[in-house]
């Protein structure tokens, strides 16, 4: 963004700065915000990209004492003779207009979301390419953010491969099941995933108040019959539920549900949480689905008259997930790694037969969306700027 200032002046009793840009646009900036974001070395630690100015020292009613400008900068003197300079590009990017704010939020958080159903074309990349090439790693994470799932092929059929992916993004998310965990048939299993039975659509770990955002599953060994993976775009199904039955959507997006997980693995644990199954932001958009029927608690903290309507709403939601129109079924091969948005996708598994030896083995891990988004922003900068 290359911007040129045509005119800048203090207005509204010097409580605002107005800029007229060469492209014909206009911007207003509050004086208190400008003073708060002074970029001088006394107010801003450039080595940490962090504000040094203490809020206690900020006059929230401050006025601009003097203002000059050229095409590339604005120069402000404040009542206590403090001096600030602001670059045109920096100011234009932070314009308070609705359009400019939406554009910047889009750059920061990459909200684009591509809904899908059974017609999904599963994004696929090579495992080694993602590890060794920034362009491929950027495609991986940007597709993960937009579509919600990416398959990587060509990993070795041994444990430890997803640890490499963890290092590629930064680090993995430690839970009570360890840094990584083995999905295979186990005697006295401490999780229903460690059996051969069918797993219905679920998100992982709603028993935590902050469930892991991204899941990684690496296929090391696959059974000949059964064990197919099933996924569904939870955001898409939520939208369809809202269209079909607004009351059911309202119940699931307003009722807190108890989840629990108790056992011993990485250490002993006793976890309790409360979530709305459909979690909305302040604009009413779905931002997370929290649902695991296995760990939904027997405790249900609602008045008795709300119990049956809740079950009816939940049953309709689950029936929609299982309809052929929305679910996508595939079978992982040894060396495949699927990485997916655990806040958006629900996943399941078809049953398979137990044998005398382990016939199906996946290694799993989690990552936090903050870590993934951090790496995605860094990769975008490298790929788009060529450095």
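Each position is counted from 1, following the chain as shown.
Glycine is no exception: its Cβ is also placed from the backbone N, Cα and C atoms.
The Zn(2+) binding site annotation in Swiss-Prot covers 38, 40, 43, 82. Long-range Cβ neighbours of residue 82 (Zn(2+) binding site) (same chain, at least 6 residues apart, Cβ-Cβ under 8 Å): 35, 38, 40.
Residue 204 (Fe cation binding site) falls outside any helix or strand according to DSSP and counts as coil. Here the Cβ of residue 204 (Fe cation binding site) has 20 other Cβ atoms within 10 Å, regardless of which shown protein chain they belong to. The Fe cation binding site annotation in Swiss-Prot covers 202, 204, 347, and the record cites similarity to another entry as its basis.
In the three-state DSSP assignment, the secondary structure recorded for residue 351 (phosphoserine) is coil. For residue 351 (phosphoserine), the same-chain residues 6+ apart in sequence whose C-beta sits under 8 angstroms from its C-beta are 196, 197, 198, 226, 227. Per Swiss-Prot, the feature phosphoserine maps to 351.
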Same-chain residues at least 6 apart in sequence whose Cβ lies under 8 Å from residue 202 (Fe cation binding site): 291, 292, 293, 294, 346, 347, 348
Chain-internal residues near residue 43 (Zn(2+) binding site), provided their CB is under 8 angstroms and they sit 6+ positions away: 51, 52, 53, 84
Site of maximum Cβ density within 10 Å, from binding-site residues 38, 40: 38
